[in-house]
Amino acid sequence: MKETSDAILAGVKQKKRRTVILKSLFGLMSAAFVVTLLQFYTGERLLENRIDALSKSSEKFRNSNQPFEAMISALRARQLLLNKQLVVKSKTRIKVVAALKSALDQFRERNRLQGHNGAIISVSFSPNGKTIATASADNSVKLWKSNGIELKTLTGHKDWVRSVSFSPDGRTIATASADNSVKIWNHNGIEIKTLTGHSAQVYSVSFSPDGKIIATASNDNTVKLWSLDGKELQTLTGHLQAVRDVSFSPDGKTIATASADHTVKLWSFDGKELKTLSGHKDWVRSVSFSPDGKTIATASADNTAKLWRLDGTQLQSFSGHNAQVYSVSFSPDGKTIATDYGYSVKLWRLDGKLLKIFTGHEDQIRSVSFSPDGKTIASASDDNTVKLWSLEGKPPRTLKGHENEVTSVSFSPDGKTIASLSYDNTVKLWNLDGELLKTILVPKDVSPWDIDRPFGMDGGASSMSFSPNGKTIATANWDYTVKLWSLKGREIRTLIRNRDGAFPEINFSSDGTTLATASYEGIVKLWSLDGELLETITEHKDWVRSISFSPDGKTIATASDDKSVILWNLDLDELGVIACARIRNYLNNNYNLKESDQNLCN
């Protein structure tokens, strides 16, 4: 009996010991889990902080005109972001995309040729492409190999060298200077001849196609023709102001000159004026012949480029759209864009080909939107109506009911409901058959949301957007705020308070993590849903009427009163490939860089 009691007591003690051991193990495991979790969380935060710092550093370099440094900082941030072991917030990713995109927008260099002590004013390739000549405000010309190795410095000019040009065979170099002279050099950089005769600085120098004649354009309003031995052959007079550029036709029989008097003149080889091309509204910077010699291209300070026939007929002027574009929308598959164009809707491929035009509105169209299935386009117009356009050939449907201009139209994510916003202070909900489901008042004097009077923020709403999951609506309001609302009419929060004015247009990104806003000043901003400003885009010159994200979230399309539609690339992978292609030679061949930077694109 005693042995049985002892055995039971021993079993109880052993069970207690096991329990204590298990509790201890569990406690240790829990502590280890917490520590691991904290380390993981801390690691994520540290990574995000490092990425944010690099993104800001890239912006600072960009603003101080240091494109290489800006690009390297952005690529460093990208490399950290590609760390597969840790997960970062979507807004951190947007910051990196913005930094890389902005760096690319400013980045034009493939390599750096450093050596001049003044501004570089002109650059020219030799005909075989193996040598580069640079003309500088330090009064010199330098010759370089195409890989950036300096070959020779040509000195002798007493003022800025404004232009440099190779002869067609590459054996002779001509330079034009603010010291009123032109110098001729051999390909080894030895001075052969100095041409004097102009009474003011010489802006441009050009060889004839056969290499036997040199033409020079000057601030003395003339162009002179010279032989290679320095003999002045002809002076072309007729321009009323400085001649900024001169160019030979491919057959060498015609000379074109561009002037600050807003004109281009065509001359025969014997100095006879053939034609004056008038049409520019400011000084003409550049003139060039097409390879076949039948067309002339001119570029002017009036912000236009023009194409002309030799008889002086203007063929084309490149200055953007000729009508305001208020709205742009991607199709769900991302392959097509719809834009308004006056009273019509235009359907485009991404390569710019026009596919279809929908006409029927009687006044300006303010907004266009694709249905989620891509089969219908809705358009909102100043004629107080919304129209539904079928891409399957069905007749259009007109939604009537608004008493004032309709400024915005949007499909619900399930495609079953259409919301339209009007200056009559209402939001109307419609089904696809055109039946009015509900009218929501947008009073200007009510601040709280009311089930009978939703969207009752001070001043009313200027724009709205459904979140991709269909559970939230964002409104841009005339009180300079952006608010988030539930579909039941409850205000979730005020996302943005803008000091600079109201946002005429807002839109959610495809994944619902980012909100884009447009301004009357042409500024587009990207925000996280906690109200943090992620990126500012300032390419437009006037009111941005519409913003649209592509379905994959990798592209934003914006439409502006500056008569342009711009597509913005937000694809981190593609931006990385482009950036590395541009900077790879610099990273591989610049031994002053750290090894980690040299491997940024590996």
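For all residues, glycine too, the Cβ spot is worked out from N, Cα and C.
The repeat 'WD' annotation in TrEMBL covers 113-145, 154-186, 195-236, 236-277, 277-318, 318-351, 358-392, 399-433, 454-495, 496-530, 537-571. Feature annotation from TrEMBL assigns transmembrane segment to 20-41.
As a whole-number mean, the pLDDT of the repeat 'WD' (537-571) in this prediction is 84. Break the repeat 'WD' (537-571) down by DSSP state and the numbers are 0 helix, 18 strand, 17 coil. Stretch with the most C-beta contacts under 8 angstroms to the repeat 'WD' (496-530), considering only 195-236, 277-318, 358-392, 399-433, 537-571: 537-571.
Distant neighbours of the repeat 'WD' (195-236): 159-160, 162-169, 172, 174-184, 242-248, 250-252, 255, 257-259, 265, 267, 269-271, 273; these residues of the same chain sit at least 6 beyond its ends, with a Cβ under 8 Å from one of its Cβ atoms. Secondary structure by DSSP for the repeat 'WD' (496-530): 0 helix, 16 strand, 19 coil. If you count C-beta pairs under 8 angstroms between the repeat 'WD' (537-571) and each of 277-318, 358-392, 399-433, the highest count goes to 358-392. Each residue in the repeat 'WD' (236-277) gets a DSSP state, and the totals come to 0 helix, 24 strand, 18 coil.
Mapped onto DSSP helix, strand and coil, the repeat 'WD' (154-186) counts 0 helix, 19 strand, 14 coil. Summarised by DSSP class, the composition of the repeat 'WD' (113-145) is 0 helix, 17 strand, 16 coil.
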